[in-house]
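Notes to accompany the following structure.
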């Protein structure tokens, strides 16, 4: 028998965090973060990481499990989630995967397999040096020549994954897209997949407001503190927003340019998330546009959970 799993996805700033806590409190769930950057300690403001006082007593997993200079791959994420789900179910709780990193979510719900491979840090450093020497877009163009499928999926600014894809190709001669396979016909869990959406103009306004709030909360100081302990080229420091603030601190961008770039790149990231999740045919979409939409969506998700698993009661057990 397949284990139960609720999957809650949506673009950045749509409101997944607060809604997921409300649902988890109602049905007795534990939340597994599906965000590839919230795994890193000390990267709190810029990743919109939930604060302990916001968790409402709901256990959260896969947050603050790595230092920023440590590697964290989708394969490791998949393995950790696969270990967590039976543990959560054994406690009589409902596992709920919440996030916006599409590949991470898909690796859990579909039958993805990954080719194990050691990291080549010298090769990665050389590739990053080539990008700095030749300018933005150089490595993406190289990737397009050897692995067009991955290049089409990755944004030219997603240097982390572009470097990883080129690393795999140089090590094996095989595109990384060919080493990741999925059987889409058979889900790995007895899942309920929910997608959150919102009017695009309202979402973009929320993104701009959230960036301003993060900066006012001390995001730049957070980046300064990280740079004291870690070099700017480590994987985590290439994350959205952190990279732009590092460029500002190095004098390569003005403050106004950095803020504008963060907002623009975050809006573009949200658009790519929409595109990715729209491909998931099993998602039930709920619109969060409007003042009462969030409460209605919470009630609807709770209803769907109890409809799918009728024995699911508050803090109860799925028999």
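In case you wondered, yes, glycine gets a Cβ from its N, Cα and C as well.
From a predicted model like this one, the values you see are computed outputs, not experimental measurements.
Annotation source Swiss-Prot lists ATP binding site at 10, 11, 12, 13, 14, 15, 16, 17. Here Swiss-Prot flags 12, 13, 14, 15, 16, 17 as substrate binding site. According to Swiss-Prot, the feature region 'Interaction with substrate tRNA' maps to 35-38, an assignment based on sequence analysis. Annotated site 'Interaction with substrate tRNA' per Swiss-Prot: 101, 124, in sequence order, evidence recorded as sequence analysis.
The list of residues near the region 'Interaction with substrate tRNA' (35-38) in space but at least 6 beyond its ends in sequence, with Cβ under 8 angstroms from a Cβ of it, reads 47, 49, 62-64, 72, 74, 77, 99-101, 104, 236, 239-240. Secondary structure at residue 17 (ATP binding site), taken from DSSP and collapsed to helix, strand or coil, is helix.
Counting only the Cα atoms, the space from residue 15 (ATP binding site) to residue 124 (site 'Interaction with substrate tRNA') is about 35 angstrom. Residues in the region 'Interaction with substrate tRNA' (35-38) partition by DSSP class (helix H, G, I; strand E, B; coil) as 0 helix, 0 strand, 4 coil.
According to DSSP, residue 10 (ATP binding site) sits in a coil region rather than a helix or strand. Residue 16 (ATP binding site) sits 12 Å from residue 101 (site 'Interaction with substrate tRNA'), taking the Cα positions as reference. Neighbour list (residue 13 (ATP binding site), Cβ cut-off 8 Å, at least 6 residues apart, same chain): 48, 203, 206, 207, 210, 266, 270. Cβ neighbour count within 10 Å across all protein chains ranks 16 highest among the recorded positions 16, 124.
The CA atom of residue 11 (ATP binding site) is located 29 Å away from the CA atom of residue 124 (site 'Interaction with substrate tRNA'). Taking all protein chains in view, 26 other C-beta atoms sit within 10 angstroms of the C-beta of residue 10 (ATP binding site). Using a 10 Å Cα-Cα cut-off from residue 101 (site 'Interaction with substrate tRNA'), the binding-site residues that qualify among 10, 14, 17 are 10. Non-local contacts of residue 17 (ATP binding site) by the CB criterion (under 8 A, 6+ apart in sequence, same chain) comprise 48, 50, 54, 98. Calculated from their C-alpha atoms, the gap between residue 124 (site 'Interaction with substrate tRNA') and residue 14 (ATP binding site) amounts to 34 Å. Sequence-distant neighbours of residue 14 (ATP binding site): residues of the same chain at least 6 apart with a C-beta under 8 Å from its C-beta are 196, 197, 198, 203, 206, 270, 288.
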